[in-house]
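Taken straight from TrEMBL:
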- 53-73: transmembrane segment (TRANSMEM)
- 85-103: transmembrane segment (TRANSMEM)
- 109-133: transmembrane segment (TRANSMEM)
- 145-167: transmembrane segment (TRANSMEM)
- 187-206: transmembrane segment (TRANSMEM)
- 237-264: transmembrane segment (TRANSMEM)
- 302-323: transmembrane segment (TRANSMEM)
Amino acid sequence: MRSNFPRNKIIILIFFLSAITIPPFIGESSVKLMEAFSNPASLSYQILFGIRLPRIAFAFLTGAGLALIGAVFQALLRNDLATPYTLGVSSGGSLGAVIAIKTGLILQFFGFSTITLFSIGGSMLTISGIYWIAGRSREMNSNTLILAGVTIGLFFSSLILFIHYLADFTETYHMVRWLMGSLSVSGWMYPLTLLIIFLPVFFYFYRETPAFNILLASEEMALSKGVQVERLQRVSFWLASLLVGAIVAIAGPIGFVGLIVPHILRLLLGTDHRRLFPGVVLAGGAFLVWCDTLARTLILPAELPVGIITSLFGGPFFIYLLIKRQRNVME
């Protein structure tokens, strides 16, 4: 692993650079590079700087956030199959969005739709419910948090199905398309909003990388080394839920990014979170940019929801992890 480390860093860097230099020029309409940079009134300028670059920036930040939170959850819960949606945050955000669609409250407040605001509120409500349930148990540990999250997630999923049943055709179509996930944004408002949320969350997690490294051994080891495990879990879950809630609110639930990328990056970079966290940010962002590029070009002039593309990659990968885990248990 150590001898391959420099080569693996170069692979990740090339993957990242390819995602920010090639996709802006792939699409239904061609972009003339010189015209785009020399004439702000040209069509090429409008396509590149008004549509494609904001979408790529948003896709990168979304993928980076989901991959980062996936790595954080897997470290905190010491569970290889944990994802950004393990604690039901996605279900809470989806429920909020579905309620906004069903009630017809699709308005704009300070540039944000009520779907976005309801979705963030649903995510925050979820994490509050998890800690309320976990707080009623004798001991708040990783298993308690997972079980509480799964319980709330299943309950919210049932409510979503109930609302689907009551919705008319137009509402159902809107709900289904939103739940498939989409990165179709124009302008820089959403990318900049997500960047403002992402940066402090990332820097907090990076500052706590020594604690995450100790926590890999066990909670008991971390406690003996002076790590405030419960505080680390609480702050991390709240920050993770804020970031995931913002992502789900704008892009919808996009699965498997937080599962695939951290696993591959551990194989390439090892388990040291000082390398892993920056690595998953670069690779996760690049992965989702390429997935979105496929989504918007495979069936031109139409486009696929990006959640379908990530699921096509993630489904087989999840099965592989389950089989690998079962073999390890048997051995």
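Just so you know, glycine gets a Cβ as well, placed from its N, Cα and C.
Where the annotation comes from TrEMBL, it is an automatic prediction and has not been curated.
In terms of C-beta pairs under 8 Å, the stretch of 53-73, 85-103, 109-133, 145-167 lying closest in packing to the transmembrane segment (187-206) is 53-73. Through the fold, the transmembrane segment (109-133) approaches residues 87-97, 99-101, 145, 148-149, 151-153, 156, 178, 189, 234, 237-238, 241-242, 244-246, 248-250 of its own chain, all at least 6 residues removed from its boundaries and within a Cβ separation under 8 Å.
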